[in-house]
Amino acid sequence: MSRTRTLTTPKAAGTGRPEVGRPDVGRSEVGRSAVDRSARRARLVTLLLLLAVLVVAVLALAFGGDLALAPADVVRALVDPGAATADPATYFVVQELRLPRVVTGLLAGAALALSGAVFQALLRNPLGSPDVLGFTQGAATGALTAIVLLGGGATVVPTGAVVGSLAAGGVVLLLARGGRQQLVLVGVALGAVLTGVNGYLLTRGQLTDAARAVLWLTGSLDGSDWRGAATVGLALALLGPLVVLGHGRALRLLELGDDAATALGVPVARSRRVLLVSALLLAAAAAAACGPVAFVALTAPQVARRLTRAPGPNLLPATVTGALLLVAADWAAQRTVPGHQLPVGVVTGLLGGGYLVRLLVKECRSATV
């Protein structure tokens, strides 16, 4: 008499129905695969952005003024030691006039974008940036004080901008007491107050000082020198690795919330203080070099996030995007009106205003849905 073994299908607990399967293993594998694809895309986007930065920088050096130069002559003036004697005019235009401007734009754009990415991640708000939080207005107050009341020397104006930005940041952090919503509200309120103070300072100055102050307030790379580039470069060299390498993981986890970050071993209070102070110093250094250029810190992190399609602050892609945006905007500012150079802040203001309108329309559509 033969026995027949019956194969039974496991029943799901409490249902009596066959258990379809365990999705946990497959789900974790799919999650890891998605993370790997996202990381590869972020690296590819960063490399492409770096290539675009190189191309735009060469174009800005070649066609950044009234005198057009061949790109080959620009490269030769940069890398050939004998270019100074072979073609002194081209060498002077590239090395002395245009290269400091392009380098300052690259470094200032990178610093602003990195600062904006940190603020947006910490506040979990796409509007979090030095422009909105009052730090830019503080830098303007310091610079205007230096121009109108102290004569505005070559080193006095950048120093005043740094001091004003740091003072505004200190007031905001002190009054907000670490709260995200309070930080935004206090920053907006302080920015409004400082805007009124800046208007009053403009009325106190002489006509020449007022014209110079208005140009600085718009944000301009005209007249950039190696001193300003060194200021921003030093800030990036010191604070960039601290933010990206030292606290990049903590920043990603802080976007999930304080409770989740604490559960995963992040010292929330200390990490937030370090990141806020670092972002504030980066924004102050950029303002000292080229004035309060609007909206780069606001738009660059969001553009980078959409290009990479990756979650998190995307610090490196945002930094490169900011450098590209500012140099490209400065090049456009020089070529838009023939025979006249616009301040770069005019172009970035138009771009940032368009971005804010798009963001507002998107929020309204999501609210209606």
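The backbone N, Cα and C atoms fix where each Cβ goes, and this holds for glycine too.
A TrEMBL annotation is a machine prediction, not a hand-curated record.
Taken verbatim from TrEMBL:
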- 1-32: region 'Disordered' (REGION)
- 19-32: compositional bias 'Basic and acidic residues' (COMPBIAS)
- 42-63: transmembrane segment (TRANSMEM)
- 102-123: transmembrane segment (TRANSMEM)
- 132-150: transmembrane segment (TRANSMEM)
- 156-176: transmembrane segment (TRANSMEM)
- 183-202: transmembrane segment (TRANSMEM)
- 226-245: transmembrane segment (TRANSMEM)
- 274-295: transmembrane segment (TRANSMEM)
Top partner of the transmembrane segment (274-295) among 42-63, 102-123, 132-150, 156-176 - counted as Cβ pairs under 8 Å: 102-123
Close approaches to the transmembrane segment (156-176) from elsewhere in its chain (Cβ under 8 angstroms; 6 or more beyond its ends): 130, 133-147, 150, 182-183, 185-187, 190, 194, 216, 227-228, 231, 276-277, 280-281, 283-285, 287-289, 291
Contact set, same chain, for the transmembrane segment (226-245): CB under 8 Å, 6 or more residues outside the stretch: 100, 103-104, 107-108, 110-111, 114, 118, 154-155, 158, 251, 274-275, 278-279, 281-282, 285-286, 288-290, 315-316, 319
